[in-house]
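Here the structure comes first, spelled out in structure tokens, and everything after it is commentary.
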Amino acid sequence: MTYAYLFKYIIIGDTGVGKSCLLLQFTDKRFQPVHDLTIGVEFGARMVNIDGKQIKLQIWDTAGQESFRSITRSYYRGAAGALLVYDITRRETFNHLTSWLEDARQHSSSNMVIMLIGNKSDLESRRDVKREEGEAFAREHGLIFMETSAKTACNVEEAYINTAKEIYRKIQQGLFDVHNEANGIKIGPQQSITSSVGPCSPQQNVSDIGPDSGCC
């Protein structure tokens, strides 16, 4: 299938926060409760529709273990978007966000779009990080923020789509050099897409997602 652009994503965060599950839910629409630890990187891809254009998302799921951080760093280069994930039931994964963010910004393009994700929102009774804390961290560091559940699929689609919308907005503003693939964007074989039907229904804009739009 032809596409207007290809956007490269990287998923980062501590081990066990649900990075692989978020990828699987988005690409295959299924949840795998028992998942082997990612060794190095895993890969997934899916087409989405942004403003009537077909966009191919190429997603790299990275290992969270410290021993693989050097491998992970090499994938920051050439990524247009990053999903920075923590587990709302494990405070330490939230505390480590600053380290992950420093790594991402040191080794990536300054225009890379970063979506902060508080995953496992289905485990509300075990919550250890308040939603307001995630929102505050995102505001402080200029990130987009959502809480998701890879198990129920709540907000998973929106997280990927809204990241792509922000990347596309930056392209429209001329902030990304789309002719330089080091920025994580590749012009597709057919940039004019005549089909108006995509695999995803229209999603809310980031600005439309208020503090009350949590998972059901």
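Think of each number as a place in line: the chain as shown, counted from 1.
Cβ atoms are placed via backbone N, Cα and C, with glycine included.
These come from Swiss-Prot:
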{"type": "BINDING", "residues": "G16, V17, G18, K19, S20, C21, T38, G64, N119, K120, D122, A150, K151", "note": "GTP binding site"}
{"type": "MOTIF", "residues": "37-42", "note": "motif 'Switch 1'"}
{"type": "MOTIF", "residues": "63-72", "note": "motif 'Switch 2'"}
{"type": "COMPBIAS", "residues": "189-207", "note": "compositional bias 'Polar residues'"}
{"type": "LIPID", "residues": "C215", "note": "S-geranylgeranyl cysteine"}
{"type": "LIPID", "residues": "C216", "note": "S-geranylgeranyl cysteine"}
| message | Highest Cβ count within 10 Å among the binding-site residues G16, G18: which residue is it? | response | G18
| task | Could you check what DSSP calls S20 (GTP binding site) once collapsed to helix, strand or coil? | result | helix
| message | Among all protein chains shown, how many Cβ atoms are found within 10 Å of the Cβ of S20 (GTP binding site), not counting that one? | response | 22
| task | Let me know how many other Cβ atoms fall within 10 Å of the Cβ of N119 (GTP binding site). | result | 28
| field | Cβ packing number for D122 (GTP binding site), 10 Å threshold | value | 17
| request: For D122 (GTP binding site), name the DSSP secondary structure in the helix/strand/coil scheme. | output: coil
| request: Count the Cβ atoms, other than its own, that fall within 10 Å of the Cβ of K151 (GTP binding site), considering every protein chain shown. | output: 19
